[in-house]
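Beneath this line is the structure, given in structure tokens, with notes to follow.
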Amino acid sequence: MISLDLSPTLWKSPDKEGELKKQGHVVKNWKKRKFIIQNDMLFYFKDKEERPVGAVPLRMSRCYENKSLGKPNCFELVSPRINKTFFIQANTPDEMASWMKAVEKGSEYSTVSQPFNLKHEVHVDFNSATGFSGLPKEWEVILKSSNVSKQEVLDKPSEWLSVLEFQAGRTMEKSNSQNLSALPDESNLTLSDLVTKEDPTKIYKNMTKIGEGAAGEVFVATSSKNNKRVAIKKIEINNDNAKLLVTEIAIMKTSHHDNIVNYIDSYIVNDRELWVAMEFMGGGCLTDILEAFDNIKMSEIQIAYVVKETLKALQYIHSLHRIHRDIKSDNILLGSEGSVKIADFGYAAQLTQKQQKRNTVVGTPYWMAPELIRGHDYGVKVDIWSLGIMMMEMAEGEPPYMDFPPLRALFLITTKGIPPLKETTKWSKTFQDFFSKCLDINVANRPDATDLLKHPFMDLACDSSEFKPLIQAARNV
């Protein structure tokens, strides 16, 4: 009988192997990994472990050099089968070229594969001769590389299928952005209706790149109108994201709150690029503090402060019947004076009278609420769950289940909820009570933003002057 453990036969005759650096998908640091390409699959391994920590289907993938990452010999690998982009760094230009050629060969591998998109009628079974039956080959490999045992699948087949369908749904929804409706009164609007007709290249000077995300690049510039610094987000416009950008800009233009990054204006440049001008937050993002976790720890009163300021913004957003859907440390920006503001409305949704719940699958997996992963209808309380996960980030340096592959993490979130804090004695009973309420699996019992702002934990929050030194300390690490 074949074990569900990933068989070494999948990589024992590699077409190419070697050590490269890979950028993390959640924490954006670069780490060395051993890479192996065999046929139409790429595997990468941590240290000297015999099992891969990741498996990438190469069929139909795209690969090209990326010079915008600030590192030499970097290439970008896009795998449409799992709708993921990987940033990889080689040691030399020749090595980069040879790996890109190997990826290209894998993308054109000629054996016939099963359809990738799952159907709801799929029945997960295990056959000792063929492995998982009813699943595409790529998902079988990913299940195995996620250390999923045969018994686990047989014990909870419907739960595992739910997680697999969730991932397939994410791919489908991202490639069909028209499924996400724009604001109800603005469903016929286009980007041209929302942007300013001025030429931003004549308004914003001294532009310097300060970051890069999934959606585009971020720059800091000086406005010639008032000599103030602003942040400029540049996003390439295409058929997949045009509707989403309309929703994002419409929501940003109509969201005015002290704890939301201020929208200034937006422009279309050369008919293919959207520039969004926003308030510049000189303290960076909350993630910058968390990446210095080994040297800098947030105190309980500082965590309470960040949570309180975030909740004020969520209370306002939810009062407009909107959901942010991507609350995490990356999207919490900090002012150099200690202010805390929510940013990035790229996943935000507007609820209407007819549609008071959503079932669209978007967000970042490790921060996602169980009801969202299961594909159930959901409302504003998914943001409260994500806030609870962000509390764990601040308390422990990272979200739960980060040591597990995303697939297993999603399964654990839906079946077991969130594990307890590692050092419970370090945190007050008030902290722990607030934390547990945010992460209540029962949506009906999970409080809303208004209720949480009345919780005693909020009384512990420090003010911006006591948070400011933390921002400065993180810069110096």
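Placed from the backbone N, Cα and C atoms, the Cβ positions cover glycine too.
Taken from Swiss-Prot as is:
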DOMAIN    13-108  domain 'PH'
DOMAIN    204-458  domain 'Protein kinase'
BINDING   ILE210, GLY211, GLU212, GLY213, ALA214, ALA215, GLY216, GLU217, VAL218, LYS233  ATP binding site
ACT_SITE  ASP326  active site, proton acceptor
The residue listed as 'active site, proton acceptor' versus GLU212 (ATP binding site) - Cα distance in angstrom: 17
Secondary structure content, the domain 'PH' (13-108) (per DSSP, counts of residues): 15 helix, 44 strand, 37 coil
Candidate with sparsest Cβ neighbourhood (10 Å radius) among ILE210, VAL218, the listed binding-site residues: ILE210
Cβ contacts of GLY216 (ATP binding site) (under 8 Å, same chain, 6 or more positions away): LYS233, LYS234, ILE235, GLU236
Alpha-carbon spacing, VAL218 (ATP binding site) to the residue listed as 'active site, proton acceptor', which is rounded to whole Å: 18
Assigned conformation of ILE210 (ATP binding site) - DSSP reduced to three states: strand
The residue listed as 'active site, proton acceptor' to ILE210 (ATP binding site) - Cα separation in whole Å: 21
Residue among the recorded positions GLU212, ASP326 whose Cβ has the most other Cβ atoms within 10 Å: ASP326
